[in-house]
Amino acid sequence: MYKEDTIAAISTPHGAGGVGIIRISGDKAFEIAERIFRGKKDFKLIRSHTINYGKIVNPENGAVLDEVLLSKMEKPKTFTREDVVEINCHGGMVVLKNILELCIKEGARLAEPGEFTKRAFLNGRIDLSQAEAVIDLINSKTNESSKAAISQLEGKLSRKIKDARSKLIELLAHIEVTVDYPEHDIEEITGNMVYEEIGKIKEKLCDIVKSFERGRIIREGIDAVIIGKPNVGKSSLLNELSGKSKAIVTDIPGTTRDIIEEYININGIPLRIIDTAGIRETEDVVEKIGVEKTHRAIDEADLVIMMIDAKRGMDEDDNRILTMLGDKKLIILINKIDLVDEKQINEIESLLKGRKCIRTSVKEGTGISELENAITELFVQGEVSVNEEILLTNIRHKNLIDMAISSIEKAMESIDGSMPLDLVSIDITDAADYLGQITGESVSEDVMHEIFSKFCLGK
């Protein structure tokens, strides 16, 4: 249920900072601000959508909590389409907490996670897919994932979905008139006409679904794991790719005993890359635990980067690792090529029996760009960019479009089987309902709760 009260929350991340923001939204937002804000003008005289210097004061005892900049925004030209006040204060958590507690004491309620965005949806400011784009934008890790979220926030996907749903509803209305009111002087709709129209809609929906795998990778990224024997250069590779000295690099085998991970940007693709403990037979209890974690990381990974030491060559440990990987997406690096001659590298490549390999010297930076290009080519055909096209990035949307397509196909099969149009309309109604769940035109309270619970406080 929509609670028509006034909410408040800290909208900036927790921790010390130069500036912190408290957001208030609802019918009592201005009333609360008037009681606690002391500026050059009376609060009622402050124009909407202006920033005003003043102090936050406890009205009970006159104690000053902080010097602030306050923004007053009158409905409906606000994010929530309610009266909104934003208080920009100093960023210490004590100051923020004290001002928030004062707002609550004066009549606001602590907002639930995502409640500001939920109110924007419920008040018609954005639709449900645009609301989901807000969290995608907050969580984006590359320029391309940010662009994809902004495209969805601007309503590009919504317009396509609403257009398809609107055409289905028009067809349903035409079918209803034809079936229920044959005496009316309206052009009769036939099964062939319905078949042709829903076929066009299905084609457009299929085009959107085709973009999902690419969109998913841009939004969610790839989980990649670096594996190989101890001291093959895994930690050095992680440090080289991330540009940080995150992993300890020594000549002692088995130095990395736990999982180390880093988020990096590879040609526009968010990559969560994991450095693992070297895989070998060992009696060391701690190292054994690390090896077990490595096996779990491999199972969950989208991509495995296997490193082979060119100086030591291939051995049973390497063969055992290759066998264990099965049909996992795999890139093999022959590392430390600066320490060996061409003959030794060729011998390793012949033992790998035609598997694609990249020759690298992580120490010298050789082969790193080839690795980055290989990762891109393995997951995305062509350039990783978000231009004017619609990119489907959300699995919830993809599943609902798939169900809409399935319902349309059932309707087409029914028409092929000469079923009456009033029965055909059942599947068309289902298709329209599935599309409505994407934009929020037909969605349950449980689904809304699930979506908005993923937001943090203040959003």
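Glycine residues also receive a Cβ, built from the backbone N, Cα and C atoms like all the rest.
In this view, Glu86 ((6S)-5-formyl-5,6,7,8-tetrahydrofolate binding site) is surrounded by 20 other Cβ atoms within 10 Å of its Cβ, with every protein chain counted. Under the three-state DSSP scheme, Glu86 ((6S)-5-formyl-5,6,7,8-tetrahydrofolate binding site) falls in the strand class. Residues or ranges marked as (6S)-5-formyl-5,6,7,8-tetrahydrofolate binding site in Swiss-Prot: Arg23, Glu86, Arg125, Lys459.
Annotation comment: Swiss-Prot describes 231-236, 250-256, 275-278 as GTP binding site. The secondary structure of Lys234 (GTP binding site), as reduced to three states from DSSP, is helical.
Per Swiss-Prot, K(+) binding site is recorded for Asn231, Thr250, Ile252, Thr255.
For Ser235, Thr256, the entry in Swiss-Prot reads Mg(2+) binding site, with the evidence type sequence analysis.
According to Swiss-Prot, the feature domain 'TrmE-type G' maps to 221-380.
When every Cα pair among Arg23, Glu86, Arg125, Lys459 is compared, the largest distance found for this (6S)-5-formyl-5,6,7,8-tetrahydrofolate site is 18 Å. Straight-line distance linking the Cα atoms of Lys459 ((6S)-5-formyl-5,6,7,8-tetrahydrofolate binding site) and Asn231 (GTP binding site), rounded to a whole number, equals 45 Å. In the structure shown, across all protein chains, Ser235 is the one of the binding-site residues Asn231, Ser235 with the greatest number of other Cβ atoms within 10 Å. Arg23 ((6S)-5-formyl-5,6,7,8-tetrahydrofolate binding site) has Ser235 as its nearest neighbour among the binding-site residues Asn231, Lys234, Ser235, going by CA to CA distance. Close to Arg125 ((6S)-5-formyl-5,6,7,8-tetrahydrofolate binding site) in the fold, though at least 6 residues off in sequence, lie Phe79, Thr80, Arg81, each with a CB less than 8 Å from its CB. All protein chains considered, the CB of Arg23 ((6S)-5-formyl-5,6,7,8-tetrahydrofolate binding site) has 25 other CB atoms within 10 Å. Ranking the binding-site residues Lys234, Lys459 by the number of CB atoms within 10 A of their own CB puts Lys234 at the top.
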